[in-house]
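Marked as active site, charge relay system by TrEMBL: D240, H316, S506. According to TrEMBL, the domain 'Peptidase S8/S53' annotation covers 232-544. Summarising the annotation, TrEMBL assigns transmembrane segment to 38-60.
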Amino acid sequence: MPVNKVHPDRKDSRDEDEEDLSSIEKGGFVGWVHSHPWISAAFLLFLALAVIVIAVTVPICTVHGCPSRGNVAPSVDLAPGAPRLILNYLNSSINALDLIPPILQSYITNLILNSSAIQVLNFQTESVLQEALTFLKAEPSLNFLTRDFNMSNYYPNITDYNSSSLANLSASSAESVLQSILNQIQAAGAGKKRRNILQAAAINDPFYVNSSQYYVDLVNASGAWKVSAGTSSIVVAVVDSGLDLNHPDIQPNLWINTKEIPGNGIDDDHNGYIDDIYGYNFAGVCDQYDIFGNCIGCTGTSMPWGDSSVDPSYFHGTHVAGIAGAVQNNGLGITGISPGIKLMILRVSDCISGNIAASTVFQAFDYALKNGAHIVSCSFTPSTYAYGFIALQPAPSYHAAWTSAYVTAMQPLANKGILAVVAAGNDDMNLDTLLHYGWSYCPCLVQLPNVLCVGGTDALNQPAFFSNTGSSTVHLGSPAMQIYSTLYVNNSGVISHTYGPLNGTSMATPIVTGSAAMTLGLLGAANGDYYQAVQVKNLLMSSATVPPSPLPFISQSRVNPGLSLLQTTAHLKTVLSTLSPLYNASALPASSLSFQGMLESYYVTTGNQFYGNIVGQPVDVSLRNISSPSYPANFSTFKYSSGYIVSFTALVQYNVSGVWGVQVQTAANSLTTFVFVNGQNVPINSTTQQGIFTAKSTGWYSLELRIAFPQSNIRYSLLMKSPRATVYSSYYNFQSNSTSFFTFPDYVQNAQLSGVWQAFYNKINTAVSPITVSTVAASTPSSQYQYTTTFTEPSSVTVPLSTLFLPGDSAAATTTTAVVGLMQTYLLPTPSTIWTSPMIFTVTCAGCQLQVDGVTVIDIYEPILINLPGTVLTKSSPCLTLTQNQPHQLILRFAISALSLSKLSIQYASCTAAAGSSSPLSPVRFIIYSPLVWQPETSVFQYTGAAFIGGLQCDVYQSNAALQTLAFSAQVSTPIYKFRIPLCPGETINATCNTAWSFALETFLPGLNAGTPVGVTYGVRCWTTWNRGFTSGSMSVLPASASPTAYLGGLQIYGPGINKLAPNMSLLNSMYQLLSVDWFNVTAASTLSVYDNKAIVPVDLVTMRLPITGLGGSSGNSLMNGSALLGAYGACTVTAYPTSTDIVGLISNNLTAALAQMGTPLPAAYDGVDGLDIAYSYPRISGSKVRYTQAAGYYFTSGFGVQTIQVSDVNATSTLVVMGNVTVRNAPTPFSSEAAPSSSTFQIYTPSGVNIYTNVISKTARSDGKTYFDFNTVSVGPWDWYQWGCTVYGNTLSGK
């Protein structure tokens, strides 16, 4: 684009004439020909064509008649130029060739552009053109007719810039110019801002890092990247001079025509172009030569390379494309403004001199429209000086035809919604003036709503000295000086992919193009419509930055893509998430279990396949392993289909704020898929299968994918795109958490009694009842089972599984015999255990599910294989992170067919070991424990987690304020009375005494009935571990009015509506299982009975063993129940004085209330003494009122095995002893004074060298107010200082 004066390359035509005459004089005609070969060739060609014209014209006039002068069509003013016409008829069905006599048609070619109905006619000679012109303009529907005209994309000379705003830009080198610009940016305060943005963005492209690309942060493109960096869904057609197709900073972002097979010479997609892979080259190959072999005509070719041999600005298109969409964060060169887009390359410069003809531009527009471009970028303007341009005079009439041609060519783009971003030009002119005088300065002056004309600005947001302006014609400003981008150099065929700065509105245009692409990508992702030219144009103009001195453009401003994207997110507020992150950015919410993957939950739905709401609880929950490229978020197998909704949920850490994209790729109907982020629905466009949402800050977000009526023969792929990503991709860091911490049922004491699994199962005949997908899932703790047994680990058993599960059953060895059920055990990860978290489990079976804290982490079910004898599969869980010092439940639900041939194995490994060792798996028996089943003598020796005593423990709880006992917990509620049965004089560990499980509370707590206020009721829990089962699985509990419930081995076997859920056969051998029975709202006189198949269950000391838990090692570290600090050895006591009638509040295992009365710690006068065999007393409040004194401490066991303990009461005293949670010695007279002294012994079985938490409660009514404690361990002696360690809630009391 020349400056507004005589072009410096032009010569005066008179000088050329003088040279011609001189040549003739010196060498005659022959000499003149030798000295002017080009002109000579043209002259000879002209003579030959003249002959042709005469030969053609005479017959035409003879046959058709020459048009009479009275019928001459209106004059059409054609500009000088090539014999090529561009025309358009309002009647689009007319083919211009049909209007021309056939004898001329053979000298003419016609190209019709379908989108605009523009026709391009190429004539072999100007004479043929003139002869045909008469017929062409005679058609009444003629819209316009003009000679093809050239465009220009030249650069202004930066050294011409002498503005005072950049006075130091006089240096000729680009480096000096660039440094001057950067200095001014820093002086204006932009430098600091840029460094902050750079630090936050962490972009590694060198010329961005070293500030060569100053314009990126100047226009706030880096701010836009915080929202979105563009998307590959946006295709930008770069209409220019071609490209270095192998430039490493551009090549990955090239648009690829996937419908075309490269290099096969076939138009595979039938779009009219052969092998158009990256776009097209519309005039890049010579197809016409003169008699001397010189090219005089160009045609198209598939590869849109730039051509340095003919085009002095061959790198122009490469530079423009790089600005708009070069690759980001590849460590090379530059970053594009919108690095996520795809670039369609349309070369429109010709093969002769690099000229850009309007006809090729129109072809490019047509191609862009037909092949999916969303934006066209045009960094060129008309070659005004080539046509006698005089700005302040009315334009020649052919300019109106030029404008009409451009309007007609670009109208289809406007109709489609394709944005055209065009350069304002470098002529330092006011385009408003040109428009006024009728000059065609297109495409900038095309008055269509989709056209966005871009003027140039400098580093200080002032108009660039060369830029055209126009307050009613140029829409927006953009940096145009020293714009660093991609280049290439061709040295004798050797291509160098380089970089450098250029100047001009050609460079300003792709900055706006990239900004538009990011804005459009965000708009389109919301609704799938990527043809929103007017909306994008309005957003760019309304969000642009107005400098202190408004710019001479329509918007008076400079582009600001950062603000444009913020305005776009506001515009899309109805579809974007406005919720804050659910969780802290650095940590997941507290939970029992977390893992990599997604929870897979199935819900029954009453809606159709387009209904995504879920109601109620899931019928099946498991874990999908999504943790690496080997396990992406692809779903193609489902347990349930029609009538179900599957929900995949996880937590995702969005570490970049901004607009994220989510895509569900599937061949299924997209209306059957639903995505939720933080519980808010993200609409998924049914065409693009994409949706967007805003992460306003970094952190953890919940993500859910729902699929209605999932189809197992179709894949559903969940993809995501971060604000800075350019394409959607698989995401692997899905984190899932269990919904709550696992806790034991309130009847279970958390103690390490054994390291076994307890199994509950049924025997089935697969010939009658084949195993199906629901067979395994149907095995729950509430199901009824025929069998129960225990084992350390199935894989450690050397006998066949038939012998393990069905010993002595002749049918067990048949291939049709299967067992279906569950086995359960527990984990307690602590820092000192031999395994570390995270960990994985590996299971081998025919059909099974491994659940951790209720979450299915391994699911093995293959319909084809599960009923085949001996066929097993092995699967592993993802890495599981288990909360330490917290119990975790393992349940293995199984369906095992052909027992004698099958296999069942459960192993584990730490995740680090699994990654770094060839055989890291270990048997799971090393890390499991069970509080539900045990073998008392073996467990005491092996696990030292409990001592034991025989019998049945009964705990009595007080009713609430409403005089009801609704629920209670052995771990958190404190019973007010405790007793153990049977009562055996001189009790030994294996005494044969017994009693019936049918009694009233008054029997063992005499005086309770008389002392209970009217209306007060009690709740009772009686529990033990039992080495028997219920005959035929039948049991009952009375009275029914007490709403009794019963539990055996962790399963509820009795309760309201449940009266026969106990296993028929208990294959426990020497193992004992937990048995617990509860009654509610009973009186002291209510008879509490338990029946085994209509017979009262006997209570004895041998078949029933009570684990005494809450042990501490000699160092004071508790095994299960937290830290149990041991203080100095000695006694620790406190006395309470209840009112004489307060029977309910007489006894408490809790010192809180008493300590509140006495003070904490106790006064020095009440420090402990040499043991509990020494008598001491506390002052009485009045008279001889009954008082209760409690001593709490730790009894130290000096040896392993049976310990015999003797307790003696003096007159008017009664002593209760509780170890752990078990009453080892009942109070002889809990509520009345005993007349005479008494003594009794009992035996406990203990580990060696542990401390047993012990409570001693002594009632006394002695008149002297003294309380006596008299304890000794038979064969050892009295409990002295070394046997009694004392601490009360962490406050240590010192003793001697």
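Using the three backbone atoms N, Cα and C, a Cβ is placed for every residue, glycine included.
Taking the features listed in TrEMBL, we show where each one sits on the structure.
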residue	record	CB count, 10 Å
D240	active site, charge relay system	30
H316	active site, charge relay system	28
S506	active site, charge relay system	33
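Counting only the Cα atoms, the space from S506 (active site, charge relay system) to H316 (active site, charge relay system) is about 8 angstrom.
Counting only the Cα atoms, the space from D240 (active site, charge relay system) to H316 (active site, charge relay system) is about 7 angstrom. Mean pLDDT for the domain 'Peptidase S8/S53' (232-544) in the predicted structure: 91.
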